[in-house]
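Step one of this worksheet: look at the structure below.
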Amino acid sequence: MLNNAMSVVILAAGKGTRMYSDLPKVLHTLAGKAMVQHVIDAANELGAAHVHLVYGHGGDLLKQALKDDNLNWVLQAEQLGTGHAMQQAAPFFADDEDILMLYGDVPLISVETLQRLRDAKPQGGIGLLTVKLDDPTGYGRITRENGKVTGIVEHKDATDEQRQIQEINTGILIANGADMKRWLAKLTNNNAQGEYYITDIIALAYQEGREIVAVHPQRLSEVEGVNNRLQLSRLERVYQSEQAEKLLLAGVMLRDPARFDLRGTLAHGRDIEIDTNVIIEGNVTLGHRVKIGTGCVIKNSVIGDDCEISPYTIVEDANLAAACTIGPFARLRPGAELLEGAHVGNFVEMKKARLGKGSKAGHLTYLGDAEIGDNVNIGAGTITCNYDGANKFKTIIGDDVFVGSDTQLVAPVTVGKGATIAAGTTVTRNVGENALAISRVPQTQKEGWRRPVKKK
């Protein structure tokens, strides 16, 4: 159906006392992203014209964390209930738009469920998201007459009979802006909590003869809120289980779905194998037939076809062409690039460095601010000395170079194509093509040498 223009209000003013944290509750992360950011992203994907964020506790931290989002910041100086929070945002509502109310601590609400709620909202009425629980203790109950929603009664205000009702309010609703403002103006705090309940607008709408349509979410986890770290950890596992299931059904082999974390987005080819305790962060792309060993962390990187990443390797903001092998215990930092067939072995670190086709850095090496050609061998213990204490400098190594073990290349320096660097050499000047560079001191040998002994 054709929807009206819509704006979203996200309530995020709570202190989150039970989190026992100096960080505002809604900034605690789920799948590597602040809870409230999940909700903002859903609102934007839904096509919200404006997103009004009602805040109170930790406003400066919220504004810093969400500075890249186009938000209208609405201060709720005193936390006097959900109705009071909406009253603070009401001056920004247009009469001819729909207003969708969401919560910053309900992070798993889906765009699909919200779209169904939006579609179900009757003209002049309210769309209400509800669920049925076996144990509804503590939640507002949905009251009905002849099947029609008549109101919401908070648990503390409910009679014994009303507390037997299993259908409860999730707090998520949508209504017309003009209607919302009129109903908000009529709210009172005549209840056990002494607060202004947004739920009271349901009874006000019913009294006006307006229709209230209840919609259920696809999954209960979509409407579960977070008040403490235990609840947050449980939602994290729910989310990760759902993501793992999607990947398995799409052909990705997760050796143990319960020990895999996706904290971003994963684009992938066919025949991917991912071992246990792997973490994917940010935006990651895996080509066909990629294998990732246990304990790896891959963040904001592109991994080409037929690459193999051995256990306990960290890859961040890096690009690997086809058929590269890295690890175990390797670290690719931002700006690392491996061309086709390159190899980075154990205890090798790369940063802002390119390793050419078929080139190898087998072990115990640091390559920073370096450009390394094709078919280069980097011996164990090689270090590009790129920093003089104030500035960074570049090392350039041409094709077909052999770098012996325990070599230091003091940048800025260039090693020409086909050159050989002898083991133990400190390179401080450019090396010409096909030349041998060696800077070791001559070896001396003392016959019959006796080791020192400890004094008694």
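Cβ atoms here come from the backbone N, Cα and C positions, even for glycine.
According to Swiss-Prot, the active site, proton acceptor annotation covers His363. For 11-14, Lys25, Gln76, 81-82, 103-105, Gly140, Glu154, Asn169, Asn227, Arg333, Lys351, Tyr366, Asn377, the entry in Swiss-Prot reads UDP-N-acetyl-alpha-D-glucosamine binding site. If you look up Swiss-Prot, you'll see Asp105, Asn227 marked as Mg(2+) binding site. Residues or ranges marked as acetyl-CoA binding site by Swiss-Prot: Ala380, Asn386, Tyr387, Ser405, Ala423, Arg440. The region 'Pyrophosphorylase' annotation in Swiss-Prot covers 1-229 and is backed by sequence analysis. Swiss-Prot lists 230-250 with the feature region 'Linker'. According to Swiss-Prot, the feature region 'N-acetyltransferase' maps to 251-456, an assignment based on sequence analysis.
Features recorded in Swiss-Prot, as mapped to the structure shown.
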{"residue": "Leu11", "record": "UDP-N-acetyl-alpha-D-glucosamine binding site", "Cβ contacts under 8 Å, 6 or more apart": "Val54, Thr82, Ala85, Met86, Met101, Leu102, Tyr103, Gly104"}
{"residue": "Gly14", "record": "UDP-N-acetyl-alpha-D-glucosamine binding site", "Cβ contacts under 8 Å, 6 or more apart": "Lys25, Val26, Gly56, His57, Gln79, Asp105"}
{"residue": "Glu154", "record": "UDP-N-acetyl-alpha-D-glucosamine binding site", "Cβ contacts under 8 Å, 6 or more apart": "Gly140, Asn191, Ala192, Gln193, Tyr197, Thr199"}
{"residue": "Asn227", "record": "Mg(2+) binding site", "Cβ contacts under 8 Å, 6 or more apart": "Gly16, Arg18, Met19, Lys25, Asp105"}
{"residue": "Asn377", "record": "UDP-N-acetyl-alpha-D-glucosamine binding site", "Cβ contacts under 8 Å, 6 or more apart": "Ser359, Lys360, Val401, Phe402, Val403"}
{"residue": "Asn386", "record": "acetyl-CoA binding site", "Cβ contacts under 8 Å, 6 or more apart": "Gly368, Asp369, Ala370, Lys392, Phe393, Lys394, Thr395, Ala411"}
{"residue": "Tyr387", "record": "acetyl-CoA binding site", "Cβ contacts under 8 Å, 6 or more apart": "Gly368, Phe393"}
{"residue": "Ser405", "record": "acetyl-CoA binding site", "Cβ contacts under 8 Å, 6 or more apart": "Gly379, Ala380, Gly381, Thr382, Ala423, Gly424"}
Cβ contacts under 8 Å made by the region 'Linker' (230-250) with residues that lie 6+ beyond its boundaries: 28, 30-31, 35, 107-108, 221, 224, 257-258, 260-262, 266, 268
Cα separation, Arg440 (acetyl-CoA binding site) to Arg333 (UDP-N-acetyl-alpha-D-glucosamine binding site) (Å, whole number): 31
Distance [Cα-Cα, Å, rounded] between His363 (active site, proton acceptor) and Gly81 (UDP-N-acetyl-alpha-D-glucosamine binding site): 60
Site diameter for acetyl-CoA, Å, by largest Cα distance between Ala380, Asn386, Tyr387, Ser405, Ala423, Arg440: 23
Gly104 (UDP-N-acetyl-alpha-D-glucosamine binding site): secondary structure state under DSSP, collapsed to three categories: coil
Those binding-site residues listed as Gly81, Gly104, and which of them has the most Cβ atoms within 10 Å of its own Cβ: Gly104
Cα distance (Å, whole number) from Gly81 (UDP-N-acetyl-alpha-D-glucosamine binding site) to Arg440 (acetyl-CoA binding site): 76
Cβ-Cβ neighbours of Ala380 (acetyl-CoA binding site) (radius 10 Å): 19
Neighbouring C-beta atoms (10 Å sphere around the C-beta of Ala423 (acetyl-CoA binding site)): 15
Recorded positions compared (Arg333, His363, Arg440) - the one with the fewest other Cβ atoms within 10 Å: Arg440
Surrounding CB atoms that lie within 10 Å of the CB of Asp105 (Mg(2+) binding site), all protein chains: 24
Averaged pLDDT, computed only over the residues in the region 'Linker' (230-250): 98
DSSP-derived class (H/G/I helix, E/B strand, else coil) of Ala423 (acetyl-CoA binding site): coil
